[in-house]
Amino acid sequence: MQPHVDTTTNSPFGEDILKEALGWVKNNTRKVNYNCPYTVWPASFGNPQLSTTGFELASQANFQLDTPVPWSGRFWARTGCSTDASGKFVCETADCDSGQLMCNGKTGIPPATLAEFTIAAGGGQDFYDVSLVDGFNLPMSVTPQGGTGTCKTGSCAANVNAVCPTDLQKIGSDGSVVACLSACVKFGDPQYCCTPPQETKEKCPPTNYSQIFHDQCPDAYSYAYDDNKGLFTCSGGPNYLITFCP
């Protein structure tokens, strides 16, 4: 199935707010609906790699694509993208450093809000989440469409940039905070990254930094061992709607 871009503005996903969604997974379908008040450039990384690994999405447009089953991977949105004087495609946040619109097997450079999926074969149990483990660049949610089981929405609807600690801020070319680094990405310390010698849940409790993420977005992964709150499941082969700026 070829990707389809719909630029109509009468989207059923919200008329009064600007929202972006990457949705249906099913060979399995995913649909992206965008309602942030600025253009973004969503991207994907997974196994197997999708035929579409990057695209432009204007405000109130949407985009639909299929993923194979089973599949595991992630989606995110790049912001502040342009083509430089040498012809290289570059982005202010979440750039995948491919130099092109397509990421072609490269993942986004933190900080970036992530939608992560492990899609099961044969209608088995899917796992999905919204993750701030790599930091935050814009709000996002993941909502199953259909399926059986709990099938709850994973979400980080808050603008974490507004409360980002000074030492975690990524400052844009205009002087504003365009993204918020995670403490792991910023400092690389085992207490923040849950790496040896603090690689277990018991040895790696939440920190003051991850608590800021958790307080703003209790239904998202705030750090590596936040699976009790941030990880969701759904069975029966649902489609998924990924929304930026829910």
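A Cβ is built for glycine as well, from the same backbone N, Cα and C atoms used for every other residue.
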Between Cys81, Cys103, work out which one TrEMBL annotates as bonded to Cys91 by a disulfide. Cys81
Can you look up which of Cys234, Cys245 is joined to Cys36 by a disulfide in TrEMBL? Cys245
Looking at TrEMBL, which of Cys180, Cys184, Cys193 bridges to Cys164 via a disulfide? Cys180
Spatially closest candidate among Cys36, Cys156, Cys180, Cys194, Cys245, the listed disulfide-bonded residues, to Cys81 (disulfide bond) (Cα to Cα): Cys36
Cα-nearest neighbour of Cys103 (disulfide bond) within the listed disulfide-bonded residues, Cys91, Cys156, Cys164, Cys184: Cys91
Please name which of the disulfide-bonded residues listed here, Cys36, Cys96, Cys151, is nearest in space to Cys193 (disulfide bond), Cα against Cα. Cys96
